[in-house]
Structure formats: C-alpha cells, structure tokens
Amino acid sequence: MDDLIHFVFGIFGNLTALFLFLAPLITFKRIIKSKSTEQFSGIPYIMTLLNCLLSAWYGLPFVSPHNLLVSTINGTGAAIESIYVILFIIYAKPQKVRVKMLALFTLILTVFAIVVLVSLFALHGNSRKLFCGFAATIFSICMYASPLSIVRLVIKTKSVEFMPFFLSLFVFLCGTSWFIYGLLGRDPFVAVPNGFGCGLGALQLILYAIYRKNKGDKSEPKTTDTKDNSVGIEFEKFQQGKQTNSTYPIEQNGQV
C-alpha cells in the first residue's frame, strides 16, 4: 500500500510539474511575436534548466534507485527549458543581455557536466547518491527561491498584478506532492527542497488572499483579447515581474 501511495503522489507530481513547465508558453508566444524579450528575465529559465538536469540525473536508477518518476518529469522539463533558453537568447535585447544569457547557459552546462563526470568516475554507491543529491537539492532550492522577488513586489505594491493565482496554486500543489513523495520514499533530497517549495507556494496563496482585490491599474489599455487570454496575460505578467536570480517556475517551475 505504501508503494502504491508513493507512486500515486509521483504521478500527481509529474502532472503538476508539467503544467508549471508549460506555463511560460504564453510568455514566449509574446516574445516571438514582438521579436524581443522586453523586460522579461531569463535567469529563472536558466536556473530551472540546471535544476531539471541535476534532478533528472539524480533520479536515474544507478544513482538513486526507485526514483525513476523524478527522472521522467525532470528530463521532460530539461528539454522544455532548453527550448525556452535558446529562444530567449535568440530574441534577447539589448546585446549585453544576450551575452549574459549565453555565459550563464555555458556555466550551467559546465556545472552539470562536472557533476556527471565526478559521479560517474570518482564516486560509487551511496557516495554517488549523496553527491548528486546535494547538488540537486541546492539548485532546487535556488529555483524555488527565484520568485521571492515577486513576493517582495506584491508586499511592496500591495497588488497581485504580477502573481497569478493558478500559477501560485500549482507551485503549492507541485511542491506538496513531491514533498510527500520524498517523505514516503524516505528521500531527504526530494523532500527538503520540495518542502521549501510547498512553503513558498503557501506564502504566495496567502498573499493572494490578502491582496486579491488589488490587481494593478485597470485603466491601462489591453493589447490582447481578454476573453481568450485572461490566464495567459497573468502568466505573462508573472514572468515580467521576476527580476531576481530562476525553479516554478520562476519563473516558477515545479521541482521534482
């Protein structure tokens, strides 16, 4: 029964994390259409990509047994985030932003390569799991911490204009499901960072409840069809509001 419950929470975590990974599609539709990254920050995508790479590696059977669901969703997330990062680099303006993103992209790939090589050739057994687990945990927490700037903005402006409800909800659900998954599997490297994500998601929902009536200046002209894209607009505003750092999401993205 415990194994079944463990599996169910893993599946639920995969679904909620996939939603978070796909959430920025509206943002990138806007970027491609305008051929500019405008004021969006690319760092959340970089941080989420590194987190996905490290977590996918950690979940592989020869590193961490019984965590294949961790690898499947993070492998998928790494592919999705790679596309986001490449698109961001292509449309980044001004030039210094593009150079910065390229440098960060190279850096995270180097970090991942080092972790892989060290774990493959220098470590074995439990030491390999510990090394990869600590690496994944550190960057998972960094990813989850990336939206703290939007939390600060909400408190400062007393407005949830840049913090959409559904994205905050799924951050909470994703963090909670993987936190429980980690607890059931007695895996602190899954439970700890996702416990942090669960807490952050809860904080966002509390702030939304407090400031939900304040959503910015309603007199500003809309450039998109509100009827068809109300949720999409919220996602765009959420991404635009991130100015720190990267998960989710980050941008917020589901850590797994």
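Using the three backbone atoms N, Cα and C, a Cβ is placed for every residue, glycine included.
In TrEMBL, annotation is done automatically, which means it is predicted and not curated.
Lifted from TrEMBL, the feature list:
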type     : residues : note
TRANSMEM : 6-28     : transmembrane segment
TRANSMEM : 40-60    : transmembrane segment
TRANSMEM : 72-90    : transmembrane segment
TRANSMEM : 102-122  : transmembrane segment
TRANSMEM : 134-155  : transmembrane segment
TRANSMEM : 162-184  : transmembrane segment
TRANSMEM : 190-211  : transmembrane segment
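Contact check: the transmembrane segment (72-90) against the transmembrane segment (162-184) gives fewer than three Cβ pairs closer than 8 Å, residues 6 or more apart, which falls short of the contact criterion. Under the criterion of 3 or more C-beta pairs below 8 Å, with sequence separation of 6 or more, the transmembrane segment (190-211) and the transmembrane segment (102-122) do not qualify as touching, having fewer than 3 such pairs. Counting Cβ pairs under 8 Å that are 6 or more residues apart, the transmembrane segment (134-155) and the transmembrane segment (40-60) reach 3 or more and are in contact. At the 8 Å Cβ cutoff, the transmembrane segment (162-184) and the transmembrane segment (40-60) share fewer than 3 close pairs (sequence separation 6 or more) and do not count as touching.
Note on the transmembrane segment (102-122): residues 42-43, 46, 49-50, 53-54, 57, 63, 85, 89, 128, 131-132, 135 of its chain, located 6 or more positions outside it, place their CB under 8 angstroms from a CB of the stretch.
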